[in-house]
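For reference, TrEMBL has these:
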- 476: active site, nucleophile (ACT_SITE)
- 546: active site, proton donor (ACT_SITE)
- 28-285: domain 'Glycosyl hydrolase family 36 N-terminal' (DOMAIN)
- 647-724: domain 'Glycosyl hydrolase family 36 C-terminal' (DOMAIN)
Ligand code: GLA
């Protein structure tokens, strides 16, 4: 998969679908040559075209005015040494300089994929699945090595990257920026696809043209955030869901990140992705190294749906881990929207008793069971049962006796001022002594850069989990980081705290999933404030939004689907009028939207009418029959919730013997629009029977002729679901 041509000095990473090439240019600079569909060999010019470009300087001591770092496509650029574009690495040395100029030193090709310590990552199950190239560069003035790591998967159009810097000098220096990767491209007519959002409106797919200048997608919130997902895709102008080239980058990281896209003086493109360098500085002592998070790169020639398929398989099969990775996920009922924190033992028992005959498989007790918490002003950090309110053993036993699983909510990274933990350890909070602490949801953030703080929370959670039989944990995180400062670190290491904090979060998660391998974990951060590949490494599913309005969920789930597998995307039917939008949608529509993800309910089953209960039973039975297909099938966006009134999504089983088609219409109109939906990725030679009409169609027919929706169907927010099964 990986070769090095000694003569041309070209590294070639190729599998059956993609090639990625770069060379060692004059002076030991790494020059990017090609990234795209597989090429059989490289016979082109090793050198990037040279031009004497005004105000682009040349290499030190070189009289060649045509060779400049400033317009060379590079693999990883230094700072303040001749490339005026954004640097990938900035190091501040003892003398105050921030110059980096790393040149080629050596390389190594390794079978498999080396593990990154303490960080989430994609993995392999055998060394035959991938090959890894480690290229070492050296800056002789700083006396530092830089190791650029590239792993190419054998059977996936995927290259993962990361970088590590090693201090080989006798003095400490400060790493002020170290990108996980850089991708330089020659001028093309590209667009950018990315996923901005906000609380309750997460991951809204957006597309824009790339213009000269710098565009930044980032978070400085201490979490990957609702506001911008750590994902970007550079696509050809003519790329759509089904056709065209896509170069996508996803960071496997849950903290402050920055993805910058620069279009330079001649419209060449540079994409940088990594830890956000704002407020970042890492002291590296002699002999120490600093490791970046991983970036996953996916190349698709089959449009955005093609990219999605690759991400879904990789994240589901080689990022998510544990017992639940490949297992069908239970249908949940969560009490949050039904009761918030206003519950007592009798209410919980009633929810379980009502949910059981409906076929629901798990009851999740959300916020408000611990400390003395009855509203969100207290008790975070006190992870012991509020025995005045409930007997947790009893709740768990009642749920298990009803034949259901039992899940519990935690928010481990947080602390309330009104808590025993705060009284005992006010210094455990991220804060700067002498400065007021920003409150959000009336809570503060624990300083997880300190191992003793992580230990404290670990021990408290273990006590509960050892004592009560718990099958599932919802892990929440309901605010972002402010006053990021740790009492435990010296002044010159305060720039490390945001990253150290997230490493502490990861370490707590790792310890818990290792100790409780049977528990199904679901991450959450006020909905989808940390829906990223980093957390997926620890928790195979994620609550993508607190917004359960069926109409708004269409866009949230569609945006999320761009990258994240449907087994990880959870969707619950909630009551109407919706708590966020006051919109009323039918029970069927709410069910059909939630069933296109990992399904559940978030309502008071006691408040349902008999007709609604009958619908729940139907939905539950339907979902149980088809959840393998939804959670582990291939997902395709056919008609987009972002661009039209009519939405269609499809799931196809890997062997193409069955498919589910979800169709939604937002608003009704007297235009009686004629809408034709063409299915995708079926087997053209197979025949499929539609479970709704009983009609049999050829796969070729469904994909080319398509299906019409009933234009006379009146009303807003309506849905149709068709199941197609192969018939001989
Ligand atoms: C967050 C979550 C909700 C719920 C509440 C509880 O907002 O996203 O689902 O768990 O916290 O406080």
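Just so it is clear, glycine is given a Cβ too, placed from its N, Cα and C backbone atoms.
Mean pLDDT for the domain 'Glycosyl hydrolase family 36 C-terminal' (647-724) in this predicted model: 96. A Cα-Cα distance of 12 Å separates residue 546 (active site, proton donor) from residue 476 (active site, nucleophile). Residue 546 (active site, proton donor) is surrounded by 22 other CB atoms, counting those within 10 A of its CB over all protein chains shown.
Counting only same-chain residues at least 6 apart in sequence, those with a Cβ under 8 Å from the Cβ of residue 476 (active site, nucleophile) are 367, 409, 410, 411, 524, 525, 526. Taking DSSP states H, G and I as helix and E and B as strand, the domain 'Glycosyl hydrolase family 36 C-terminal' (647-724) has 6 helix, 32 strand, 40 coil.
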